[in-house]
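Inspection log for the structure reproduced underneath, given as structure tokens.
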Amino acid sequence: MKAFIAAVVAAILLGVAAMLALTSNQKFAYQAFATSGARVSEPGTNLVGPRWNGDPAPDEFAGEPHGKAEGAASHPKRS
Amino acid sequence: MRRALTLLSTLLVAGTLWAAPGAVAPVQAQNPIQADGQNPMGARPTADSVNEEFLFKQAPKITGRISIPDQKAANLIQPQGREYQMFREGWLPWIGALAILGMLGLLALFFLWRGRIITEHSQESGRKILRFNAFERFTHWMTAVCFIILSLSGLNYIFGKRLLMPLIGPDAFGALAQWAKYSHVYLAWPFMFGVAMMFVVWIRDNIPNRIDWEWIKAGGGIIGSGHPHAHRFNAGQKGVFWMVAGFGAAMSVTGLMMLFPFALVDINGMQVMQVIHSLIGIAFIAGILAHIYIGTLGMKGAYDAMGSGEVDLAWARAHHDLWVEQEQARTASGPQLRGRPAPAE
């Protein structure tokens with residue numbers, strides 16, 4: 001029984017270690033594939049949100065516009 | 001006067017008829033198709049235009065041009081993807097169901113026919129011999145626990161949306177599938193580590209030899225009542241060992257290809273990896289079901305080997321007589337034997 005419990009604990013620890021190692025090297029798609037000339041998406045306003053969970057504006061991203069255009073928006077002139 | 005008007009009208013109509021071909025000539029010159037439908041220049045713009053067939057003669061897929069660094073996004077048409085989808089959504093669920101349910105059915109029939117394999121009582125009954133030490137059991141259970149979770153989460157990829165989602169609803173299934181995916185991706189690492197450790201620990205006792213062939217010819221003690229000779233592992237156990245080593249290696253390689261997508265293979269390679277991973281995974285599950293059966297329900301006393309590590313000496317003598325002789329010769333009065341002192345041989 002001790003060997004079994006130790007095996008379960010070791011599996012969990014190795015799994016968590018793998019998770020930390022793998023996620024530390026990951027980037028969001030808009031970070032990995034965006035260039036100065038191409039914006040992949042606009043996190044916070046896309047359909048699935050920056051975490052791909054359907055939440056379009058989680059709190060931790062509220063203060064990070066991530067490439068949103070700054071300044072006053074241009075409007076077409078009306079005659 | 002009337003005659004003059006008629007003459008003037010006639011001249012006007014005749015002039016119009018005479019000038020009309022000249023007026024439409026530029027328009028006709030723009031359309032080279034003649035009355036018989038042939039282009040005098042021999043060109044067939046529609047037939048000769050670039051089409052899928054022409055492009056597929058140059059490359060197996062059709063790509064476009066993109067401005068982002070991810071060149072995979074330039075992929076427009078990849079015909080193998082349709083074949084992969086047909087396999088993934090059409091064939092794979094049937095293959096998986098037949099293999100796994102078929103194995104469960106075979107085991108049930110075998111149990112009904114053979115019943116539980118029981119070792120006959122002997123003078124050595126009640127004495128224990130160490131079959132697997134703590135490290136071996138730790139390695140086995142770490143790999144086994146990971147395998148069970150990987151199997152269930154892997155089957156969820158195939159059957160979850162078909163069987164589970166209608167039962168628990170899309171929201172609960174979505175959360176469950178997400179955690180199943182996490183467990184599949186991260187517990188794959190201790191599983192791979194466990195397979196490698198088991199390979200190193202047990203390969204010495206799993207090299208096939210002549211006794212294995214005799215064991216197979218005798219039906220392995222499963223068919224019939226006799227127990228053929230066997231060392232530490234009989235031919236059936238060696239088969240499980242090499243299945244785990246081979247399938248484990250194949251699952252690891254194809255799994256790593258999917259953990260690091262497009263690192264070494266293209267889109268077609270990714271699909272091939274998924275096909276291999278899923279088919280071997282199903283065969284792996286079916287094989288391990290048989291292993292679990294014979295290690296628990298199918299044979300009395302077998303589970304103790306991996307449970308406590310110690311087995312009944314009579315059981316060991318019946319199923320692994322050559323190994324028992326070897327162990328007793330090596331540690332006749334040593335720590336291998338518990339209970340009553342081992343008789344000197």
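Placement of Cβ uses the backbone N, Cα and C atoms for every residue, glycine included.
Automatic prediction, not curation, is the source of TrEMBL annotations.
Here TrEMBL flags B:1-19 as signal peptide.
Sequence annotations record features per position, and here TrEMBL assigns transmembrane segment to B:91-113 (among others). Within its own chain, the transmembrane segment (B:91-113) has Cβ neighbours under 8 Å at 155, 158-159, 162, 278-279, 282-283, 285-286, 289-290, 293, 297-298, counting only residues six or more beyond its boundaries.
Look at TrEMBL and you will find B:131-301 tagged as domain 'Cytochrome b561 bacterial/Ni-hydrogenase'.
For B:138-159 (among others), the entry in TrEMBL reads transmembrane segment.
Here TrEMBL flags B:186-203 (among others) as transmembrane segment.
TrEMBL lists B:240-263 (among others) with the feature transmembrane segment.
What TrEMBL records for B:275-294 (among others) is transmembrane segment. For the transmembrane segment (B:275-294), the list of distant contacts is 84, 87-88, 92, 95-96, 99-100, 102-104, 107, 111, 147, 151, 154-155, 157-158, 236, 240, 243, 247-248, 250-251, 254-255, 258, 302: same-chain residues at least six beyond its ends, Cβ to Cβ under 8 Å.
Across the domain 'Cytochrome b561 bacterial/Ni-hydrogenase' (B:131-301), mean pLDDT in this model comes to 93. Same-chain residues lying 6+ beyond the ends of the transmembrane segment (B:240-263) with a Cβ under 8 Å from its Cβ atoms: 72, 143, 185, 188, 191-192, 195, 198-199, 202-203, 206, 233, 269-270, 273-274, 276-277, 280-281, 283-284, 287, 291.
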